[in-house]
Structures are given as structure tokens and as C-alpha cells.
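Pulled from TrEMBL:
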{"type": "DOMAIN", "residues": "B:72-262", "note": "domain 'ABC transmembrane type-1'"}
{"type": "TRANSMEM", "residues": "B:12-33", "note": "transmembrane segment"}
{"type": "TRANSMEM", "residues": "B:71-96", "note": "transmembrane segment"}
{"type": "TRANSMEM", "residues": "B:108-131", "note": "transmembrane segment"}
{"type": "TRANSMEM", "residues": "B:143-163", "note": "transmembrane segment"}
{"type": "TRANSMEM", "residues": "B:184-209", "note": "transmembrane segment"}
{"type": "TRANSMEM", "residues": "B:240-261", "note": "transmembrane segment"}
Amino acid sequence: MGQITLSGVAKRFGEAQVIPPLDLEIQDGEFVVFVGPSGCGKSTLLRLIAGLEDTTGGRIIIDGRDATGVSPAQRGLAMVFQSYALYPHMSVRSNIAFPLRMAGLPKAEQDRKVEAAAKVLNLTSYLDRRPGQLSGGQRQRVAIGRAIVREPSAFLFDEPLSNLDAALRVGMRMEISELHEKLRTTMIYVTHDQVEAMTMADKIVVLNAGRIEQVGSPLDLYRSPRNIFVAGFIGSPKMNLISGPEAQRFGAHTIGIRPEHISVHPTMGEWRGIVGVSEHLGSDTFFHVQETGLGAALTVRAGGEVSLHHGDTVFLTPEPDKIHRFDQSGLRL
Amino acid sequence: MSRAVTPARKTINTVLAWTVALILFFPILWTVLTSFKPEPVAVASPPVFLNFDWTLKNYYDVERQRDYFDYFLNSVIISLGSTVLGLVLAVPAAWSMAFVPGRRTKDLLMWMLSTKMMPAVGVLVPIYLIFRTLGLLDSRIGLTVVLMLINLPIIVWMLYTYFREIPGEILEAARMDGATLSSEIIYVLTPMALPGIASTFLLNVILAWNEAFWTINLTVTDAAPLTKFIAGFSSPQGLFYAKLSAASTMAIAPILVLGWFSQRQLVRGLTFGAVK
Amino acid sequence: MSTQASRVAARAMLSPTVLLLLIWMIVPLVLTLWFSFQRYNLLYPDRSGFIGLSNYLNFVSAPAFWGAIINTFLLVGGVLLVTVVGGIGIALLIDQPIWGQGIVRILVISPFFIMPPVAALVWKNMFFNPTNGLFAEAFKLIELRPFDFLGQAPLGSIIMIVSWEWLPFATLILLTALQSLSSEQLEAAEMDGAPPVKRFWFIMLPHLARAITVVILIETIFLLGIFGEILVTTNGGPGTSSTTLTYLVYKEALLDFDAGTAAAGGVVAVILANIVAVFLMRAVGRNLDA
């Protein structure tokens, strides 16, 4: 089981309201990602659920039991920290066994569970090493192993991949997703990286300044962002936002169009502009088109083989049904 | 610095550095040398350096006439006792300040340090009278407690700076893993901070061993440590250079050796982490 | 960043230490204050009673008082000057590439581990003694009349002994700070055309500022209470020429048995120390936060 309900949960540090009262429902077995820019309160929210911080208001209900005032140890949750937070003076084996030892399990049982977890995570041959002798990815797996053995009702991940290099990050992302498929346990995952959110989540919670901007599946958020903040945050490269007369033509205060929904033509199209910097990724090319007369440079995604040069004149055409319209207050129309 | 230095330059620097070092060390070296001299050689003019009949008689005499070992034992008991007692109090206190800092934590630390600034003479009379009333004069327990109290601020400060370098996430991980407060401190914090605790321990043993105000003024014979033992040589026995040297060597040797082994760790502790 | 439970635990674990230090500070201080207004001589315990400020007047108007204050500042200031300047010099020297750096470090740090009475006795008898001390021998060698250090320049001699004890400490801390200076900074300055003296003045010295502050703070704490060295070498003399405030109070209390006047002196010492402490703590508090 791992059903978590937040109702009216709020947090303030002294005068500063970090999280205004918010409600959230997390279903058993779901992979939920909290995403948002740094300082949006996503980590604080996770720490509130973990019990590492007190709430200043509201209730946290875990599996139908009010856990608001319960100590972290008794909430039945496990956490994987950004810095891994391994115990440097213990071997990998003792690290993974630590929660079991704290729970007072017999030694034989501890060993059995540690071995099993190590097998799942490919750590068997490293069990007698110290964390200091492991690579970043291995340390991450030890941290996960320490979480698994507790058989928690939910896993909490606090930006677990941000200390890894780019290549490892992709690998670990898949391993964690795979683990979720295998265990089918609730996972709450905090990240500032929208790619991680999009690739891993069943459900994304976009946070900004402590408020929930939108909750939904990755594709929901991509297709119909509820406001300009979500529109700009989800998707890479960022959605182009245009306001002014051109937006009014579409009956909106601001319109948004994603780079992948604009087509490029050398001689004809809706908007005329001059090619600035182009970024060739091989599979795709991103053009930054300037002097469009729209008040903003546009980013456009084109095929990898398209060849345009700095200073070329191009014509851009948006796909009409992929245009997002927002009103004065930034809400979707 | 990774730059190559010319051998000539390095030689000059080496000679200069060794000269300075030997000048600073010379009083200690001279004391140790003199302790092996027969008394007449010790006061010979001009002074004799190495070519004399080396003897252990001075050590033998000092132990026989002055009961060196009793003082030594008191020094050991008092310096170890006060340090251990101080650590037992300071580890939880430093945990609190390092991991649950409040608005007043900095002020509290500064206040603790400021108690060290209070001149001991200012409170000598009342402490002396209190000790007399309680029958603690010339007792090991009394002296242990006093030395613990005067070094407590330093112990707390040192531990605080060491603890602060331990990431809070690791203690939180322990909390998530179901550790109670005491298991968190015993199984996670203490082993991680062991190098810091060890150097705190060493420095405070050294400070307590060399403390020369309270140890001299609050003891007579029973609890008197080596500081009192040495003070007894001030006059006129101080004119017997060889015996004075033997007694001095015996008083400083244990702590000197301890200090040599731990000097690198001591620096960081001494500066309360302010100098890396 | 913590929970209610951990804050409660923290307070509980902090309180024994705070409480003990508070008692250790308050009780003797209050008693000292009380005695300082009483007629109280340990030799005549029957003559007692409130005598207002006369203990203070007694202490402050004693001929030795102002001398003791001046001596205290000279001693602390003199030792600070010698150890900081000398410490920077030695640290710069040891920081150079040399053979046997480890042993040099150990030799230099050694005086720090010597207990004050030993240092004082060894210096007094084996070095300063005007008839057969090593300095007298050295003077004889160059055919000069031996100089009676402790008789002629008692305070200077004590400053010398105490500086010898504290020079290692200053050196070691400054050396550590020096070693943390990135060589890139110095190389950048060199590329910019700064000669060695300017590199020292504009790069190294500012880098050492924090370490120097720490040295001054910690040494002052210990130097204000210098006692053993004076007791063993000069007994505050000749006359009162090497009597510091600490020693003056000690003399009143344990040599003249005048607990009342000694207490008044103690209060004066505490007040002076607090004035110094306030200045020092401000400076250091700022420097340590940075």
C-alpha cells in the first residue's frame, strides 16, 4: 500500500510562506514527479511528507492513517537523498542493512534481505567496499538498496540524479523506471529537470512558488498546459511565447507555439525572419530566428539535414491547431 | 606550489628554516641534555654539550626524593578525566548546535568562549572558599571538575566545527532508516566524527596537562599534578640544573610525544575551524 | 530546518552544558562581588562587615595598580606583536620547498606543548641566570658583562619566555592558512607584474587576515591569565616591575590574605577583561561569519 493524501498542507519558515495550503492525492503504485524551478518548494514538500520537517498546517494521511505528527522513522517511507547520504564509515553491506538493524531484525534475516537487494541492483560484488570506493552510479544504487530493504509503502527521491554526469543519468533514469515496474510501489520523485519528469512520471505535479500549477500525465501537460508557466516549463526547447498584435489576431493576450510545431520555408510562409544561431544536433537542428516583427526571437526545430546559414532569410508557418492561447492573467483559453 | 625551485635556493631556505627551528627547539634540547649530566657538569663554564659522562642518576634522584610518580599519576587522572567528562557533556551539546541551529546559536557559542576570557584570579577567592567548604581542596575530583569546566567551551567549539562538516542529510537518512536519537548519535554521528573527536580529545588532554593556575592553587600534595611538582623546583632547588632538567623532562615528555603525533590534527581544532 | 521533536531533543541535550557553564560563571562572580564589599581578611575572620567601596579604593589607589594595568597591556601586546610578526616570518620560510619540512614543523611546534612552569624555570635558571646561565656564558664569550635579564628587564624577559611558548601556535596556524592560498592567485599576480614584496602585501597578507584574527583572539584569551610564568620567575618583581593585574590579585589573596581587596581586584580584572572581550568578539564574530 502507498496511498498518500495531502490536505491543506502548508509550511512557513518564520515570516516566509514557503508552501501555501495545498491539496494533493497520490494513488497507490503511482510514479509521481514534483517538478519546478529551484526554490519552488518541491524539496520542502517532499521533506514534509517524509516527516523531516513539521507542517505549519494541514494533514498528511498515509494509507488512511493520519501521519502529520508521526516521526519520520514510523511513517514507513524510504528516502533517497541528492547527496546519496551513505554512511561513509560503513561497508555497502552495513549501509543497506542499517534500517534492518535499527528495526532489530535477526542477523540472518538482515543478510538474506541485503543479498536479495544487492542482486536486484547488481551490487553483489561490491558489498564489502566502502561508499568512498564506489562510483557515483554505484553509490546511487546503494542508496536505493538501503531504501528497498525497508519494503516501504512509498519511496521518496530528492533529486537523486543531479550529481551524476549526463550519460549515467540516462541509465539510472531507466533503472529507476524499471524498478518501479518491478516493485509497483508508490514513488515520489523531485527534480528540476523537466526531461526526467516527462520520461519517468505517471503523474507530474508542476510547482511554482510553493503552489501547484498543474497536475497531470506528461502528455496532458505537453498538450494542454493550463497556464503560461507550465507551457514554458514543460517541453524542450521551450515553447515560443508571442504577445501583442499577432496574439490578438488569434483572440488571445499571449499565444504559444512549440518549436517542433513550426515549419520552415525559404520563400513563403506566415512570418518572415532572419536566421541567427543554429544548433546542429545531428537528428535535429534548432534555429533561432530573429527580426520576425513579433517582438521576440523564435526557436524552430527542423530536421537534422536542413542547412540554413546565419543571416539567411526564412519564412515560418505555425501549425494552426497546435497554437496555445492564453489570456491576460496567463491562463489557458 | 608546483614551480621548480633552483637547488641553491632550496639549500638556502633549508638552512634558514632549520636554523630557526633549532633555535626554537634549543631550550628543550638543552634541558634534555642537561638532565643526563652529573650536577657539576651541568653548571660548568664554559658549558659542555655532548662530551660528558651520561648518567641516569638525576632521574633516579628525582623519583626517590620527590615522588615523581605520584604527581604523574595525578596528571594522567586529572587530564584524562576532565577531557572524557567534557566530551560526554559536549557531544550532545555540539550535536544540538550543529544540526538544530537556532537564531541564538552563534551568540551562545560566543558566550561560551567569553567565559574563557574571565580572568581566573577574579574568581580564585570564592572558588577556593567553596572548595574548602565542600572539602574538595587538594582532591582529584575537584580539580577534574574545574579543568573540565574551563576547557568545556573549547571542547564544544571544536566539536561544533567538526560536526558542522558532516552533511545533515546523512543524519536525516538515519532518521528515515528508523534510528532513534541515541542510535543516530552512537552509530552514525560519532563514528563519522571520530577524527574530530580524537583531535579534540588530544588537544584538551594537552591543555589540561599544562594548566598551571588552578592546579597549583587548589592542590597541596594529594591531588597535585606535575605542574605543582615543577613549581616546587622554583627555588632554591632550581639551581641544581641537572635535577631540574630531569624533572622537567619527565614532566613534559609524555605530552610532547603526544603532541608530535597529533600536531597536524591539532591545528584545525585550535582555530575552531576558522582556518582551513 | 528541523522538526519540533528534534528541537526539543536539542534543547534537552544542550542544557546541561549551558547550565554548568552558567553556574561556573555566575556563582563565583556573585560571591566575588559580595566579598568585594566586605571587610574580609583570611587571617582575621572575626573582623567582618560591609565596608562599601573601600576595598576598591584600596586596590585602585595602591601604587602597584596602574603599573599592573600597564604591565598587563605591555605583556599581552608585546607577546602578540612578537608571535604574529615572527609567526608570519617563520610560516613564510617553512612554506618554501625545503628538505625535512616534517621535522622542521615538529621542532617548531614543540615549545607549545611545554607546561608553563617548566618553560619559566628552564629559562630562568638555565638561560637567564646572570652567573652561569647560557646567556651569561654567551656574553662572557664575546667579553661583555653578563646581563641580569630578570633583574634588569623583568617584563621584557617574561615577554620573551611567553613569546617562545606561543610562537609555535601562531606559526602553525599561519602556515596552515598560507598553504590554503591557491598558487593560481599568486601566479596571476606575478603575470600582472607584481614583485614578491607586493605579492606578499596585496595577496598573502589579506589572505592571512582571518588567521591573524584567530591567533590574536585565542592568544589574548590565554595571555590575559598568564600567571605561572610570573610566579616562577620574578614573583612580580623586582618591586612591582613585572606585576600584572592577574598577579596583583593573586598577591592580595594568597600572600596578604586580604580576600576583600583581592575580590575587588578580581572584579576590576573581570571588567577589564570584558571590555577587551567585547571588542575582540565583535571583530572576530564578523571575521568568522565571512
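Glycine is treated like the rest: Cβ placed from N, Cα and C.
Since we're looking at a predicted model, the values are computed, not measured.
By the Cβ criterion (distance under 8 Å, sequence gap of 6 or more), the transmembrane segment (B:184-209) is counted as touching the transmembrane segment (B:71-96), at least 3 such pairs being found. Taking Cβ pairs closer than 8 Å, the transmembrane segment (B:71-96) reaches residues 140, 143-148, 151-152, 155-156, 159-160, 162-163, 185, 189-190, 197, 200-201, 204-206, 208-209, 215, 223-229, 250, 254 in its own chain, all 6 or more past its ends. Among residues of the same chain six or more beyond the transmembrane segment (B:143-163), those with a C-beta under 8 A of the stretch's C-beta atoms are 77-79, 81-83, 85-87, 89-91, 93-95, 97-99, 109, 112-113, 115-116, 120, 127, 189, 193, 195-197, 199-200, 203-204, 207-208, 211, 214-215, 218-219, 223, 225, 268-269, 272-274. Counting same-chain residues at least six beyond the ends of the transmembrane segment (B:240-261), those with a Cβ under 8 angstroms from any Cβ of the stretch are 28, 31-39, 41-43, 58-59, 61-62, 66, 68, 72, 202, 205-206, 209-210, 226-227, 229-230, 233.
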